[in-house]
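Enquirer: Quick one: structure below, then a few questions.
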């Protein structure tokens with residue numbers, strides 16, 4: 001029986017209560033129905049053909065034997081002197097100022113970045129406008145030159161026609177004078 005108790009103690013360390021109950025279904029019956037393991041008791045409730053049922057009772061911490069270690073209380077804080085409190089306050093103030101300076105620095109960097117982006121956008125817009133204006137002026141100049149060249153060609157053809165007409169008239173007059 002002592003080996004059975006030690007086996008159950010080992011199982012309790014390794015298995016959950018449900019696993020313990022399940023493992024108890026196939027054990028050999030014992031005359032004593034109450035088992036004590038450290039800070040818990042296991043009572044056999046009833047035996048049936050389908051299996052056995054047990055009740056597991058945990059003892060409260062106050063009922064534990066003096067052998068078990070007592071819970072240690074949290075360590076007490078030592079009294080802090082006025083100088084230590086002042087140092088802590090100064091350190092906290094310094095941390096607050098540092099954090100505030102970091103936030104202000106981040107805001108300044110963000111504003112500077114926004115200014116740079118805006119400046120770049122304006123510069124690109126101005127460049128685009130200037131390029132569009134230059135392109136338009138070039139097209140207008142080219143169109144003007146083509147128009148002037150076309151007009152000059154028309155004038156030249158008109159002058160040639162007038163010269164030809166004058167020559168034809170002269171030739172006609174000469175023929176009339178000769179024939180007539």
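Counting begins at 1 with the first residue displayed.
Quick reminder: no glycine exception, Cβ is built from N, Cα and C everywhere.
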Enquirer: Pick from 35-58, 59-82, 83-106: which range does Swiss-Prot record as region 'Disordered'?
Expert: 59-82
Enquirer: Using DSSP, break the domain 'SLD' (38-180) down into helix, strand and coil residues and give each count.
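Expert: Looking at the domain 'SLD' (38-180) with DSSP, the answer is 101 helix, 15 strand, 27 coil.
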Enquirer: Just to confirm my parser: what is the rounded mean pLDDT across the domain 'SLD' (38-180)?
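Expert: Mean model confidence (pLDDT) across the domain 'SLD' (38-180) is 88.
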